[in-house]
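Residues annotated as domain 'CTLH' in TrEMBL: 100-152. Marked as repeat 'WD' by TrEMBL: 268-302, 313-354, 367-389, 501-524, 525-567.
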């Protein structure tokens, strides 16, 4: 095999809750709001005994906040007596007296008093006061309208809502209700609905979201914090690769290494030369592989996890360097090295169409998300788009691609991704014509898009793999190293549960796996006797990984606990349970 630095690169690398609100009447007031004036209740920061006291070994949890959150949880669970007892015994009220008064005024429908009390809560942000006032007065407007008090509703609109100058478009929409007071729902100019009055409890929930949490504790705040902690435990678990049925609050979550595919379950030996590329179908039911023997093989994944040959596609005159499944997995594109692209029917095995350009070779291929158009990289550095019958619909000329067999199309169909220079990736919109570039310091050898289109995994000349966040402005967020690459194209992939892992081939005959968030190398798989050129993780089975090698074989990797399977004469493979050769 040639070296990557040759002027004519080798074929293998063509260069290289809502719970309900607690019953306010059950909550203890330190001061009876009915016996106080608004001036008496004028809110200041809630001061309680032990206000600066902290709990916990790290000294970051304020006792007052902690107790208030526990009290809110008790009320939301319906334990009103326990919540009131906690407030009384701790001397720490869930809400200040003025806030409790405000909430009660809302539930009682005393709108003018609600707005007056709102101004006495002591909010520093005038915009929040206006937004909350608008919500309250809008509810007043609708309830007046529902009570057939049209003139009072009009007065509220003109003298109270309008002067707030906070949402003039909404005021105009509400005025339509005056013209058609019998209508229950009107269509906004924005296409949404102008809804009739919500319940007062719902209004209070929305006000809780609007007001600062220091004033009103968010509903189910404790549950939210616990759920957040569980999510963080899952994200931090470097071996988490299985769906979690139940998580206990009594113990920390931790998975073992046995959740990572690390044992050879089957060796597929039907190729007669170096295996360069492989890719699972989107539904995980098939694996397609291509090799220097100019052959493409479709392997079917049986229910017992064994692989057997479904089709052998022949017809390419040169080694096949790239494969792309159609969005529905019914068809397959295959690309020979600087040759033609063939479209195959997966069920029948028939070659449906051949795509070519006179005097030029094709180097990469991919599908538009609608499945009715295909895109190909061309040796003249252009990218062409055809319909299925071979009519060229568009050609983007210039430095759109170089001789690297990688082409990405986002699943929303908005962007094409290609390597436009040795160290530069281009994301361009074929409709918007907008362009965005990712520039590396080293030569790019391959790349792959994540299934959610948010990330790009870029393999580099210097034996590093870079993870880029490509939403908005592209940002380099992580680097992975440890694998070996000095001469050939080595491909990597996303995979595992929620694509939480990265796998890569290597020139030292091994497969490398990293945890995507921590960057930690979690597993190295030995078994091949030649360079591992490509890896593919089954998108439907986080415990199944395939690797393609110069040793002419494909290895299927699974979990350690899988027992040895007996050889099946129809499976076209040798079965192992220990990674041996």
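Even glycines carry a Cβ here, placed using N, Cα and C.
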Contact yes or no, the repeat 'WD' (268-302) and the repeat 'WD' (501-524), 3+ Cβ pairs under 8 Å, gap 6+: no
Helix, strand and coil counts within the repeat 'WD' (268-302) (DSSP): 0 helix, 19 strand, 16 coil
Helix-strand-coil residue split for the repeat 'WD' (501-524), DSSP-based: 0 helix, 13 strand, 11 coil
Within-chain partners of the repeat 'WD' (313-354) [C-beta distance under 8 Å, separation at least 6 from its ends]: 11-12, 14, 273, 276-279, 281-283, 285-286, 288-298, 361-367, 369-371, 374, 376, 379, 388-390, 403, 405-407
Counts by DSSP class (helix H/G/I, strand E/B, coil) across the domain 'CTLH' (100-152): 42 helix, 0 strand, 11 coil
